[in-house]
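Just below is one structure, and these are the notes that go with it.
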């Protein structure tokens with residue numbers, strides 16, 4: 001028997017993923033696009049509700065305050081998503097709240113000058129204004145790095161090999177928000193996970209009028225079914241005598257959002273009062289802004305692949321970071337209690353639905369703005385138990401992580417140098433943040449615990465982030481370890497053409513600014 005030919009046992013590297021139905025600049029029908037946009041909106045609710053639900057009670061806020069913060073966060077998310085898809089990277093990415101900001105915000109909440117305020121409402125307002133001031137100052141980091149093209153210069157040190165651990169850990173690094181949360185209410189979490197996988201994968205060829213409806217709308221259908229099932233369990237009294245934590249994770253009536261929400265409320269800048277500024281608070285928040293920048297860089301690379309686009313050129317990436325800085329500035333002005341980053345779960349949904357259309361994401365931004373103004377209707381959807389979202393995260397975060405691993409095809413993984421870099425960066429990217437989390441859980445403060453709270457916040461925030469640790473390790477090793485003789489092994493011959501706008505003819509199709517704005521901002 002003849003030996004197999006090389007092309008029969010290997011697959012050539014591909015710039016763009018195969019099997020995607022709609023790429024970045026192709027659009028489904030308006031009806032399908034609106035339904036897909038609503039699906040992205042529903043998915044974005046998980047983080048938008050979770051962050052205020054955790055932070056607002058610590059600040060002394062009421063359920064009414066929590067609802068207002070959720071509304072404000074969704075409203076600004078919609079604006080930031082529109083700005084990013086129109087003028088930033090132009091990739092189909094939802095710009096949502098970020099968990100990276102929780103460490104410095106908790107530090108602000110526990111500031112002795114704020115904790116000493118006895119009136120809870122006054123303490124909530126003063127804490128909110130302190131967070132706003134820190135966000136406004138810290139946003140300058142991304143604005144400067146983005147619009148000065150300094151991040152574009154930094155990105156020239158990136159290679160496909162160096163980006164693999166960063167993009168992979170954008171997904172893998174969020175593992176604690178997946179099954180550990182599903183396990184808090186397995187009776188709705190496990191069925192949701194099974195149903196979502198069944199609809200999106202095993203039944204994806206089920207067609208209705210030539211539309212793979214179960215694959216395309218697996219999220220909407222499975223959430224509707226499991227939400228109704230959870231409501232049935234709640235109404236039947238299944239959780240009546242269960243522990244408070246179980247009720248909080250399982251019941252559909254524990255969020256107290258619908259009763260507390262106004263019918264109509266338009267968020268506006270400085271609605272909580274004039275921001276207050278403190279140098280220590282701002283410095284700690286700058287670490288979160290840097291983490292957001294690195295996590296978004298990895299997410300943008302993943303989104304470009306799932307939207308069947310070329311990797312964003314350096315100046316496009318930098319432009320997107322600049323607009324993200326503007327987004328964090330808006331977070332500070334409106335008072336969203338969180339900064340902005342790319343929503344990883346929504347990037348994963350691009351792959352699950354095989355629709356990477358920019359128009360779909362812009363429609364989802366419209367839903368965010370619309371339902372944040374109509375408070376009662378928005379609160380209805382926001383009352384979905386977070387366990388249901390966590391089940392979906394198990395699939396979508398993993399999908400984003402696998403996109404990061406797909407960049408290995410452009411590198412030589414028979415090289416011991418490359419195996420060392422990828423392995424060490426992945427392991428430390430998971431292990432270091434886990435050490436920081438465990439230490440904090442036991443000692444109630446991070447491993448960095450000096451007299452300078454701003455210094456503690458900076459270090460603890462940086463090392464809580466898996467993609468940030470992975471980037472520091474991978475990029476350092478990749479650019480210092482036999483780098484002169486390893487350009488081919490690192491994947492640089494393939495990568496170099498995507499560094500500049502004119503390096504690939506497809507870049508103009510994907511990343512040119514609308515309304516002929518390239519006349520005023522010519523690509524580099």
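Glycine residues also receive a Cβ, built from the backbone N, Cα and C atoms like all the rest.
All annotation found in TrEMBL is predicted automatically rather than curated by experts.
Copied from TrEMBL, the annotated features are:
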{"type": "TRANSMEM", "residues": "38-58", "note": "transmembrane segment"}
{"type": "TRANSMEM", "residues": "91-110", "note": "transmembrane segment"}
{"type": "TRANSMEM", "residues": "130-148", "note": "transmembrane segment"}
{"type": "TRANSMEM", "residues": "157-175", "note": "transmembrane segment"}
{"type": "TRANSMEM", "residues": "181-199", "note": "transmembrane segment"}
{"type": "TRANSMEM", "residues": "211-230", "note": "transmembrane segment"}
{"type": "TRANSMEM", "residues": "360-382", "note": "transmembrane segment"}
{"type": "TRANSMEM", "residues": "388-407", "note": "transmembrane segment"}
{"type": "TRANSMEM", "residues": "419-436", "note": "transmembrane segment"}
{"type": "TRANSMEM", "residues": "458-477", "note": "transmembrane segment"}
Of the listed stretches (91-110, 181-199, 211-230, 419-436, 458-477), which one yields the highest count of Cβ-Cβ distances below 8 Å with the transmembrane segment (38-58)? 91-110
Compare 157-175, 181-199, 388-407, 419-436, 458-477 by their Cβ pairs under 8 Å to the transmembrane segment (91-110) and return the stretch that comes out on top. 458-477
Using a Cβ distance cut-off of under 8 Å, indicate which of 157-175, 181-199, 211-230, 360-382, 419-436 has the most pairs with the transmembrane segment (388-407). 157-175
Could you name the stretch, out of 157-175, 181-199, 419-436, with the greatest number of CB pairs under 8 A to the transmembrane segment (211-230)? 181-199
